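Undergrad: Below you will find the structure I want to go over with you.
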Amino acid sequence: MDEGGTPLLPDSLVYQIFLSLGPADVLAAGLVCRQWQAVSRDEFLWREQFYRYYQVARDVPRHPAAMSWYEEFQRLYDTVPCVEVQTLREHTDQVLHLSFSHSGYQFASCSKDCTVKIWSNDLTISLLHSADMRPYNWSYTQFSQFNKDDSLLLASGVFLGPHNSSSGEIAVISLDSFALLSRVRNKPYDVFGCWLTETSLISGNLHRIGDITSCSVLWLNNAFQDVESENVNVVKRLFKIQNLNASTVRTVMVADCSRFDSPDLLLEAGDPATSPCRIFDLGSDNEEVVAGPAPAHAKEGLRHFLDRVLEGRAQPQLSERMLETKVAELLAQGHTKPPERSATGAKSKYLIFTTGCLTYSPHQIGIKQILPHQMTTAGPVLGEGRGSDAFFDALDHVIDIHGHIIGMGLSPDNRYLYVNSRAWPNGAVVADPMQPPPIAEEIDLLVFDLKTMREVRRALRAHRAYTPNDECFFIFLDVSRDFVASGAEDRHGYIWDRHYNICLARLRHEDVVNSVVFSPQEQELLLTASDDATIKAWRSPRTMRVLQAPRPRPRTFFSWLASQRR
């Protein structure tokens, strides 16, 4: 364009030329003149750049909170925590888990070196305290969680013992004095444990009933167990869950239902016909959608068959393990309490855990509603429920993943459950509960809406794992307002955008990445933990520019007056 004259090229032609350029070239060309600057900010141009650069499906609309395509492109490019800023090497063995305080001022780490370390999260991260758990007969620490007001830390670990030992313990640590306040047994150790309220936590215990049949008992424990009266409860039984085919309850977590109607990001439901996952509402009155008890004639047929077997009048065509499972199912039919319904408007919570019904590997997610009157240790404990024949508690919902579950995490609003799983082959049949199907190397990241109990979107896939079923371990994931991140066995952490379902960053370590966690107050800060014994801190390019920008020199209060007198 001539100075002050008419453009030499029409806008439409400049637009067509800019369409053939990449994002960086478009921005550079926009510095040439005012006309090119105006075209370089065109909304249609940046919509094309966005879909092409990020390879987003064209039927996915723009993020509902975005004001323009240019700003949305900039958000995904500039606010993802992908710049490594600090490496922490204080652990001497594999780092297994990370957790942030709700304020974001502190975080905790657990490791195979059997310590729980508490860190101060500042511009430069520093170590505040290290608790050595070896004096308590722990083998290693595996999980931690801050309570709601950040005054207490729950730390979960594994006891020393034989390779097949499944016992663990939960410790509660004061964040004011770093004193150990209480310890609670936890079996199996991969129940992990979690907070239900600010001062009460959930632990597990396991009782064997048969060779492949057991009962998981979930307990509510008071974090402060130095009570003054023997009439004050420090523990209360929450639920008793029947386990079939060598399965157990593991990986407990609590979802608060109070924010379901005002989510940070509303995700659309996917097509249930294309998903291998099945969700059963066990508390529904609609018999057509309930994966619940068998019909009465089937129950009677099973009962008569077992009676004839016990009396020696029939020869079972089942293996000993299959026969045990049938007997356990029959026992549960008359000794399981139906799901208890909450009153209208009651503030309930969901207890979420992994379980199964076909094999020992966790392939289902159990969901049990916790009602307000169950959220306290007050009330009778010994002899509770003796007047009833109902021994087991029924679940409210079951999600069948059709694969090995290796990680779960909740969105900040608690409405969406994200699940890391390694799929079984299509049509796989479990003939022996001790020999689950082979699992895929690809990790699928599935998303479920806990309000509608439906799967949403398609599975995210980029990360990989290589260990077989019997060596498979947990890969912890985390969810922020806009992003979801996960570790992987391929020596990388991964970050996806929750709305567009695209992978935005790969974060490199020297070994398996076990855990990732966003700062709850600043999603542009992410921590990753690895088998390479390090914790890495990652910040966004935008944050790095702000932190590294030169600060103006302070001027004296009357400096402007002095300049006027010259």
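Just so it is clear, glycine is given a Cβ too, placed from its N, Cα and C backbone atoms.
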Undergrad: Which one of 42-50, 186-194, 213-221, 303-311 shows up in Swiss-Prot as motif 'D-box'?
TA: 303-311
Undergrad: If Swiss-Prot marks one of Ser109, Ser126, Ser151, Ser258 as phosphoserine, which residue does it mark?
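TA: Swiss-Prot records phosphoserine at Ser151.
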Undergrad: Among 83-125, 394-447, 458-501, 502-539, which stretch has the most Cβ pairs under 8 Å to the repeat 'WD 4' (239-281)?
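TA: Against the repeat 'WD 4' (239-281), the leading stretch is 394-447.
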Undergrad: Sort out the sequence-distant neighbours of Ser151 (phosphoserine) for me: same chain, 6+ apart, CB within less than 8 Å of its CB, listed by position.
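TA: Listed in sequence order: Ser174, Leu175, Asp176, Glu198.
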Undergrad: Applying the under-8 angstroms CB criterion, which one of 83-125, 126-178, 179-238, 394-447 scores highest with the repeat 'WD 6' (458-501)?
TA: 394-447
Undergrad: Sort Ser151 (phosphoserine) into helix, strand or coil using the DSSP assignment.
TA: coil
Undergrad: Report the DSSP secondary-structure composition of the repeat 'WD 6' (458-501) as helix, strand and coil residue counts.
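TA: The repeat 'WD 6' (458-501) comes out at 3 helix, 19 strand, 22 coil.
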